[in-house]
Amino acid sequence: MADIMHVFAREILDSRGNPTVEAEVFLDDGSHGVAGVPSGASTGVHEAHELRDGGERYLGKGVLNAVNNVNEEIADAIAGAEADDQRLIDQAMIALDGTENKSRLGANAILGVSIAVAKAAAESAGLPLYRYIGGPNAHVLPVPMMNIVNGGAHADSGVDVQEFMIAPIGAESFSEALRMGAEVYHSLKSVIKSKGLSTGLGDEGGFAPSVESTKAALDLIVEAIEKAGFKPGADIALALDVASSEFYKDGKYHFEGGEHTAEEMAKVYEQLIAEYPIVSIEDPLQEDDWEGYTALTAAIGDKVQIVGDDFFVTNPARLKEGIEKKAANALLVKVNQIGTLTETFDAVDLAHRNGYRTMMSHRSGETEDTTIADLAVALGCGQIKTGAPARSERVAKYNQLLRIEQQLDDAAVYAGRSAFPRFQG
C-alpha cells in the first residue's frame, strides 16, 4: 500500500454558510482523497469537540485553528504512514490530541483527515469506498429516512419535534424508495399550499410550515402519502427525531405548551405510535436520562425503534452502558460525534453484535461530501437519514447510493421493512 506523502486542509463553507474543515491527503503513488466535515445544530453535550476560532471573523465560527492543526501537527505526525493502516493513523491522531473529547486539535480537524485517508487508500486500492471499507459482502442498501417536515432547532416552524421523516419500507429497491420519497415530498408541498401554510424550507430541505402540534404535522404527511397514491404503514412509514434535550429545562420537558415528566412523555409516544404508522423515534428523552430510556424501551421497544443520537453520540463507551441497561434499541451514527472512522466502526460493530439497529446520519450543516452513503452500505446500517430529497448537499448522498446500487447490480439488496422491529416476527 502507498504511503502518505502530503496532508493539507482548508476552510470551506457548509450548507448553512458556516465555515468547516476540508482535508486532502496525497499518497506517494499519486492517489488522493478529500473530505468535508459536517456540523450539527442540535448537538449532544457528550459529543467530540468541534474547534471554532471565536472572535469576530465569521461571527466566531471560523475554523482556521483546526485547519492549522491539520497542516502542521497532524500532517507531521502521519507523514510516511501506510494509508491502509486506518486504525493506527486514527490512534496516532487521538494520541497526538491527548484529550478525551479531541478538544485540543478539534474533532473537525481529526475527522477530516481520517476520512480523507480512507478515500485515498480506496483510490490506491482501485476500489470504491464502500467496498474498501466493507469488503466483498457489503451489499445492503439502506432505507432512506427522509426528513420532509423540519421543526425544533432546524426551523422556525414553532413545532417542538425536530424532524418528521418518511421511510419507504414497501419499496423493492433503493431507487424505487427514492422515487416514492420524492413523490411524497412534492405531494406534501401541494398539501401545505392548499391549507394556506408556508412552503419555506428548513436546514435539511424539509418544509417548515407553522403547525400547532406534532399530530398536525403528522396529519399533513399522512395526507401527502395518500395523495401521492401510497398507503401509510404499508408503503411508507413515519419516523420522528424528537431531539428532546432541546426542550428539556429544569427537570421537565417543555412540550407543546405544557411541562411533562419522562413518564408523561412516554405516554405521549405510546399514543402517537398507536395512532400513526411510526417505526422509529429518535432521542425521545433527555440525553442523560438513563432510567427513563430503560423504562421507555421496556414499554414500547418491541413496537418501535428507539434511537440514541445525543444519548449515545456514536460513542462505544456510552453505547456499552446503554446495552447493559437495556436503554434504547438503535444507534444513530454520526461520524463527527466521535471524530474518527475507526471509532465509528467500533460503535457500529458493538451495536450490531448486541442486536441494536443502526442508522447512518448526516448533520444539519452539510457539504457535498458523500462519505456517509458509502459508510451506510459498508457497515450494513440498513437505514440512512440525510434530509429531504432536495438541496444538493442532501441529494448528493442519495445519488451516491443510486450509483452504488447500480454498481452492485443483482447483488444489491434493499433493507426495506426488515430494518425495523415493528415488522419483525
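Using the three backbone atoms N, Cα and C, a Cβ is placed for every residue, glycine included.
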Going by the (2R)-2-phosphoglycerate site in Swiss-Prot, where K334, R363, S364, K385 are listed, which of the candidates Q91, Q162, Q271 is also part of it?
Q162
E282, D309 bind Mg(2+) according to Swiss-Prot; which of D241, D346, D349 goes with them?
D241
Pairwise Cα distance for E282 (Mg(2+) binding site)/K385 ((2R)-2-phosphoglycerate binding site) [Å, integer]:
12
Work through the recorded positions one by one (K334, K385) and point out the residue whose CB has the fewest other CB atoms within 10 angstroms.
K334
Recorded positions near D309 (Mg(2+) binding site) (Cα-Cα within 10 Å), from Q162, E204, K334, R363, S364, K385:
K334
Given the recorded positions E204, K334, R363, which lie close to D241 (Mg(2+) binding site), meaning Cα to Cα within 10 A?
none
